[in-house]
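Engineer: Sharing a structure here in structure tokens format.
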Amino acid sequence: MEKFENVTYFNHPLIQHKISILRKKETGTNEFRHLVEEIAMLEGFEALNDLPLEEVEIETPIEKCKTPMISGRKLAIVPILRAGLGMVEGILALVPSAKIGHIGLYRDEETFEPHEYYCKLPSPIEERTIVVCDPMLATGGSAIDAITMIKKHGGRNIKFMCIIAAPEGVKALHEAHPDVQIYIGHLDRCLNEHAYICPGLGDAGDRIFGTK
Ligand SMILES: O=P(O)(O)OC[C@H]1O[C@H](OP(=O)(O)OP(=O)(O)O)[C@H](O)[C@@H]1O
Ligand SMILES: O=c1cc[nH]c(=O)[nH]1
Ligand SMILES: [Mg+2]
């Protein structure tokens, strides 16, 4: 797989271990949901390592002092529905004041093309750091369309966070949006004839919500 400057792969053992449990077909809905949330928090810890700080004056029980606090640009978390919803609480645990947008996309089962059914973003979107999340980056079509939509609304500072990616999706997303920082829990082997990630974990939305 070609190396791209804007792509971060997590090799932390805790993330890798949790992803392995996610993959198991016997992992049930409740455990699956908790794992997705925990992985999102661990990835978010790294993905948000460039949030700007400012020195703020506070008073400790001992004396007044200046101390760093997160400042300036505000955060928007934008899950791609449905499966991206599973990652929101994990990121919110790190930045509870973040605003949340939603982009509704589903992939046509035959053409694998994404179809939009919802878009609501917090304003002013152009002043926010935006974390788009979706556990799966397969062909890349959904992530590409979601980010195109956000840019049309004025979003500029965009990060994309996923749990499992296929090489095809990473390449396509990088080529379509080279300005977007991409965070990937694990890079899998390839896509199959149904555009599912191999070995993957199956349909993330169905596993999070217990559908199908
Ligand atoms: O990279 P792509 O080839 O576009 O595939 C990835 C998309 O497919 C899944 O969503 P799905 O269409 O299954 O919708 P759901 O989350 O509602 O189940 C997944 O959560 C991504 O959004
Ligand atoms: O493997 C895949 C591909 C797309 N969407 C999923 O949920 N899983
Ligand atoms: Mg699905």
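Cβ from N, Cα, C; glycine included.
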Engineer: Name the one residue among Arg107, Arg156, Arg189 that TrEMBL lists for the same 5-phospho-alpha-D-ribose 1-diphosphate site as Arg82, Asp134, Pro135, Met136, Leu137, Ala138, Thr139, Gly140, Gly141, Ser142, Asp203.
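Structural biologist: Answer, per TrEMBL (5-phospho-alpha-D-ribose 1-diphosphate site with Arg82, Asp134, Pro135, Met136, Leu137, Ala138, Thr139, Gly140, Gly141, Ser142, Asp203), from Arg107, Arg156, Arg189: Arg107.
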Engineer: What does the structure give for the C-alpha distance between Asp134 (5-phospho-alpha-D-ribose 1-diphosphate binding site) and Ala204 (uracil binding site)? Integer Å is fine.
Structural biologist: 9
Engineer: Closest to Gly202 (uracil binding site): which of the binding-site residues Arg82, Ala138, Gly140, going by Cα position?
Structural biologist: Ala138
Engineer: Taking the recorded uracil site as Ile197, Gly202, Asp203, Ala204, identify the other residues of that chain whose CB atom sits within 8 Å of the mean position of the site's CB atoms, giving them in sequence order.
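Structural biologist: Filtered neighbour residues, in order: Ala83, Pro135, Met136, Ile164, Tyr196, Gly200, Leu201, Gly205, Asp206, Arg207.
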Engineer: Nearest to Ile197 (uracil binding site) in three-dimensional space, by Cα, is which of the binding-site residues Arg82, Met136, Gly140?
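Structural biologist: Out of the listed candidates, the nearest Cα belongs to Met136.
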